[in-house]
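Take a look at the structure set out below.
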Amino acid sequence: MGHHSTNMRVKLPVFCLVLEAVTIILFAVFVRYDSETDANAWHQELNHSKTNADNDFYYRYASDTIRTEKRSLPNMINADFCTGAVLISFGAVLGKTSPVQLIVMTLFEVTLFGINEYIILNIVEASAKDAGGSMTIHTFGAFFGLVVSRVLYRPHLDKSRHREGSVYHSDLFAMIGTIYLWMFWPSFNSAVTAHGDDQHRTVLNTYYSLAACTMTTFAFSSLLNGCRGPISVVPDQVHIQNAALAGGVAVGTAAEMMLTPFGAMIAGALAGIISTLGYKYITPILDSKLKIQDTCGVHNLHGMPGILGAMIGSIVAFTATADVYGDGMDDVFPLIAQGKRTAHSQAMYQSLALMVALAFALFGGLFV
């Protein structure tokens with residue numbers, strides 16, 4: 001044990017430093033500031049476009065300019081999304097991997113995430129809508145991590161089962177994290193949507209879904225756990241910390257669409273139900289029958305709600321009409337607006353995108 005600890009104490013710092021050095025070299029060779037950030041290029045653009053420069057905020061963030069130029073801010077947002085998928089996968093393997101294994105897993109997953117996202121959002125006729133990442137982030141990250149967890153399963157891991165439970169201070173800090181995620185999830189889902197009604201609609205749909213999901217989670221958690229005493233009904237802390245957020249996942253794909261407030265609330269309520277039931281019944285089955293130890297319950301918070309979100313996106317896309325969207329169809333479904341695709345076809349490609357995400361997650365996890 002002492003020799004193993006010494007090796008890890010040497011290997012981990014060396015691996016991290018080498019990786020950091022390689023990253024810095026790659027940035028030095030290939031990465032440059034874009035025209036929004038470079039001092040010289042920025043002022044040259046100011047001189048050529050004085051009218052736009054007078055309105056600085058619009059000049060930087062108007063939706064029509066973001067589409068036509070490569071910008072550093074959208075790239076960083078996309079990198080943040082990629083990090084989210086990786087952290088979701090971490091939740092399935094925590095306690096079963098070493099730091100070096102996590103870093104290696106990250107390197108492979110980042111690559112697969114980029115390929116998967118590009119295929120879903122850009123390749124030929126398979127382009128789909130997924131602003132909040134129900135498919136590209138949550139579904140992919142959850143099932144990738146679950147497959148890796150299954151591959152890493154060892155019989156002796158059962159001996160550490162007594163450590164799986166939470167303690168008071170971990171529950172407290174987890175609840176603080178839940179509150180922050182709940183508050184900022186609408187900005188996460190709306191980060192890459194078009195400015196204006198699309199972004200406003202995404203924020204509102206996400207809030208409606210989260211609110212309905214939270215109420216449903218409290219109700220079903222209390223129902224499943226029964227009563228403590230003759231009056232008080234006590235929900236499970238694990239359910240509240242996790243399932244209350246499932247509503248944000250479930251509307252990720254359809255949040256920018258005309259989901260309607262009541263539709264968003266239905267989506268959130270469904271997400272709260274399946275997530276709470278998942279923690280109560282499905283997680284033990286995954287462990288005992290399939291030998292998948294889902295440490296943080298990512299299947300219940302990200303996996304199942306992610307699939308639900310993809311299905312909701314397909315249904316809402318199927319019902320898209322010019323009467324409902326008007327000129328806004330250009331932002332949400334540009335191919336339908338241009339007459340290159342029907343609403344039925346868009347729904348089919350939304351479903352195909354889910355299959356692509358699952359395929360990359362399952363086979364990618366096996367490969368890693």
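The backbone N, Cα and C atoms fix where each Cβ goes, glycine too.
What TrEMBL records for this protein:
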type	residues	note
TRANSMEM	12-33	transmembrane segment
DOMAIN	72-365	domain 'Ammonium transporter AmtB-like'
TRANSMEM	76-95	transmembrane segment
TRANSMEM	102-123	transmembrane segment
TRANSMEM	135-153	transmembrane segment
TRANSMEM	165-185	transmembrane segment
TRANSMEM	205-224	transmembrane segment
TRANSMEM	262-282	transmembrane segment
TRANSMEM	302-326	transmembrane segment
TRANSMEM	347-367	transmembrane segment
Note to self: Should anything in the same chain at least six residues away from the transmembrane segment (102-123) have a Cβ under 8 Å from its Cβ atoms, list it; otherwise answer none.
What the structure shows: 15-16, 19, 78, 82, 85-86, 89-90, 93, 130, 135-136, 140-141, 144, 148, 353, 356-357, 360-361, 364, 367-368
Checklist line | Beyond the flanks of the transmembrane segment (165-185) by at least 6 residues, Cβ under 8 Å | finding: 206, 210, 214, 237-238, 240-242, 244-245, 248
Next item on the list: Can you tell me which of 12-33, 76-95, 135-153, 205-224, 262-282 gets the most C-beta pairs within less than 8 Å of the transmembrane segment (302-326)?
Entry: 135-153
